[in-house]
Structures are given as C-alpha cells and as structure tokens.
Amino acid sequence: MTKKYKTFRGGLHPPENKAGSAHKPIEDCPLPAELVIPLSLHVGVPAEVCVAPGEQVLKGQMIGRARGLVSVPVHASTSGEVIAVEPRPHPSGKVLEAVVLRPDGADTPCDRVGEDQVHDWSATELLERIREAGIVGLGGATFPAHIKLSPPPQKPIDVLIINGAECEPYLTADHRLMVEQAEQVVRGSDIFRRVLGAKRVCVGIESNKPDAIQAMRRACTAAGMEVVVLATKYPQGAEKQLIFALTGREVPRGALPMDIGALVQNVGTAAATAEALSSGMPLIERVVTVAGPGVAEAKNLRVRIGTPLAHLVDYCGGIRGNLAKVLVGGPMMGAAQLGLDVPVVPATSGVLLLREEDLVLRPEGPCIRCGRCVQVCPSRLCPTTIAAYARLGRMDEAKDYNAMDCIECGSCSYTCPSAIPLVQSIRHAKASILAQRKKH
Ligand code: SF4
Ligand code: SF4
C-alpha cells in the first residue's frame, strides 16, 4: 500500500533529476580571483556603499550600510582590496552597483562579536544581531529575516514552519544541508522560535529525502520540534502550499501567513542564522547546487557571495557539450542568464546548465480547453483565462481573475499540451497591474 503523505491541492511531479548531486557532500569552493558583491543582495532598498576603491577590507567587514527599514548591510566575503565600485551584471537581469574585491588569499576575518552568548540574548537582541549579520531568506525570496520575524503584536505566530521541501528538480543544496548540518538547522530554528514565541515548530521535508528526514528527526527530537514528511510534489515548498500541507490552514487571497498565525523560514536561513549568531561572522556564503547535463560533474558547493558562476562551473570540471541555457535556480522557477559572469547572491540556490539537445522546443498551438492548467494550479486559478486576458492587454480582467495570486510556479505552462506560455503571460499581467498601482 502506498503511504499517504501530507500535501496540497494541485501541483505535479516533474522528473526529479537529483541523482547527480543528492549524494554528494558539500565541498568548499575555492576563492575566485575577483569577487563581485552587489549592494542589492535582498528585496528592499539596496545597501549604501561605505568603502572606496583602493581600500583594504577584512572578511566579514561591512562594505554596504543598510538604508531604511527593509534593508540589510552587505559584508566582504573575504579579505582583500576593493578595486572598484561600479555597475555589474546581476542575476536579476539588471546591471546593479557592486563592490569588486580582489582577494588577498589570507581570508583574514574582522573582529568577531558575541560568540556563544546566543542563549543570554533577548528576542530584541537576537533580532538586532540577525539584522546586523545581513541575514535574508535563502529560499529564494531574500526578504530581510529581521523584518519577517517581526510581525505586529496583534498577529502572534503560533506555528513556525521550517521549509526543507526543496521541490525544484535538480536542486539538492538544502537536502545536503539537512543531512550534514541538521544540528545547525535546529539551532537556527530555535533562535526563530525564541524571537517569535511560537509554540510549535514543524520541519516539512519531501518523502524523496529519507536521509535528510532521518538526520533532522534525530536533531529535532531533543529540541521539541516535529519533522513532517510531505508528498514529493511540485511546488511543495511554496509558502502557502507548505502551510496548508502542514497545518491544514489556508492563507486567504491577498493575506499573509502571519494573518493565520504561521511563519515560514527556509532551512538554509536557519543554518545561516545559527552560524552568524554563534560565530559573529555575517552572511558571506551559501550552499549552491551546480547541476544539469551541461556541466562535467554535478556538485553541492559552499560558495562565497560574489563568486562568478563561471568559477563554480570551472570547479565542477567545466562545460560539457553545447551549452544553450544557464539558469539560476531550478528548471521550473529559475531565471535564465545571459552568461556566466553574474555573481552568486543569497538567492542562488542552484546553477543549472542545459545543452541544446536538452531544450524541448514545442510549437505553440490553440487552447483545446483540456483544463489541465486549472487542475495543476496550486493557487486554484484559471491560468488559461488570465493568460488570454493578459495577451489581449485586458489587465483589469486579468486582475479580476486573481492574477496577483499567481506564485509563478510554472506548473500550468509545464503541463499545457498546446505549449502556451501561460506563466509568461501571467507574469506580464502582474507587472502591468503593479505598474498601474504605483501610478495611482
Ligand atoms: S497560474 Fe501561476 S500559480 Fe497557477 S500554475 Fe500557473 S504559474 Fe503556477
Ligand atoms: S492546459 Fe493549455 S490547452 Fe489545456 S486548458 Fe490550459 S491553456 Fe488550454
């Protein structure tokens, strides 16, 4: 009999393609000759540069000051010389201001603060340390963690959810982190629990990661946290879908998880918080999966922020075959890149390399009203209708059909037998609706 795991409505199960890296221990990627550290490492206001070309900096030293509430400081990923502060290509597709650093090879850290005092700190002190360490959501959203962990008093959080689903094909960075650093993930989760005063802490992991489930169960039991096994289904790791699977609570349209007493943090964010608060070293690195048929060897790498993607690919043995597409992230929600010169940022969960023969280009046909896109949509939308309105430029109607609730998971496009670019049209509608809102 097949075991019935918790899950959400809709979704699909694309080929997992994780075998190439799921069993590979995390390796430390060597430092590159040049680091390009953008001042926009997070959602919100970019940091303001506080170093100048020619200056020597130490590992962990602040090089960009937070500006405003939704902002975090940016730190040097190693010691060396600032050689430029200038616009450089960013994985978002834009060209954004960055600090270019030439490592000196010594990796000398700046003065560390606060080692081993984590247990004595109040919730307010913990939040301040999290902000100072530049911690942002490493699940892809890169929202400053101290803001997310500060819901208004009238919206108490009773359940803290730690996201270990990692449902995107190819990606195995979170999987390896849970296997190799389960204690650290739990320590970080405990810091979040103390800040929020949450009664229940629940770690959600897909059933295709039995070794991660075992390691996390071992670490969670003593800390009074639960591990819940979820069905292997895409997009199981999406925030609202994860909350529903674990609690049965539904986040209403237009509302936030905190409106129903829930808050989600990624396992990588938890591990990074534990590391930063116990060592005093801010967020200067993350684990990245390099995978796909276009790379010689798939690996999970611990990489300094600012390392160019080309350096990661070289470390993995270089390009294999006729490289046609580079994605930052997974194949479902990843962002296509123009080249390998963009740097690793906190949102870089993976780098996926595809060859020409891996790209299936199907000609677009007419909608045959099969309803498959409606069936798989985890947000319970009608993708075919919203996309049709978007293509006609009728954005008010697209809005009426709740286009803004689309989480851009791509399930509708993936399943459409007529190869209609549904998510692309809906994304366009969302951008137009937002632009309209800003005007008024
Ligand atoms: S409409 Fe949006 S949320 Fe629904 S399946 Fe398509 S991309 Fe995903
Ligand atoms: S899946 Fe494609 S063909 Fe089927 S209803 Fe949706 S848009 Fe039309």
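Residue positions begin at 1 at the first shown residue.
Here the Cβ of each residue, glycine as well, is placed from N, Cα and C on the backbone.
Unlike curated records, TrEMBL annotations are generated automatically.
Annotated features, as they stand in TrEMBL:
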- Cys367, Cys370, Cys373, Cys416: [4Fe-4S] cluster 1 binding site (BINDING)
- Cys377, Cys406, Cys409, Cys412: [4Fe-4S] cluster 2 binding site (BINDING)
- 357-387: domain '4Fe-4S ferredoxin-type' (DOMAIN)
- 397-425: domain '4Fe-4S ferredoxin-type' (DOMAIN)
- 1-23: region 'Disordered' (REGION)
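Feature annotations (TrEMBL) mapped to structure.
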residue : record                          : DSSP (3 states)
Cys367  : [4Fe-4S] cluster 1 binding site : coil
Cys373  : [4Fe-4S] cluster 1 binding site : helix
Cys406  : [4Fe-4S] cluster 2 binding site : coil
Cys412  : [4Fe-4S] cluster 2 binding site : helix
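The DSSP breakdown of the region 'Disordered' (1-23) into helical (H, G, I), extended (E, B) and coil residues amounts to 0 helix, 2 strand, 21 coil. Annotation for Cys412 ([4Fe-4S] cluster 2 binding site): same-chain Cβ neighbours under 8 Å, separated by at least 6 residues, are Cys373, Val376, Cys377, Pro383, Thr384, Ala387, Leu422, Val423, Ile426. A separation of roughly 20 Å, to the nearest angstrom, links the Cα atoms of Cys370 ([4Fe-4S] cluster 1 binding site) and Cys409 ([4Fe-4S] cluster 2 binding site). The binding-site residues listed here are Cys370, Cys409; among them, Cys409 has the most other Cβ atoms within 10 Å of its own Cβ.
Of the listed binding-site residues, namely Cys367, Cys406, Cys416, the sparsest Cβ surroundings within 10 Å are found at Cys367.
With a cut-off of under 6 Å between the Cβ and any atom of ligand 1, the binding-site residues Cys367, Cys370, Cys416 reduce to an empty set. For ligand 2, the neighbouring binding-site residues among Cys367, Cys406, Cys416 are Cys367, Cys416, by Cβ distance under 6 Å. Taking the C-alpha positions, the distance from Cys416 ([4Fe-4S] cluster 1 binding site) to Cys406 ([4Fe-4S] cluster 2 binding site) comes to 16 Å. Around the Cβ of Cys373 ([4Fe-4S] cluster 1 binding site), 26 further Cβ atoms fall within 10 Å across all displayed protein chains.
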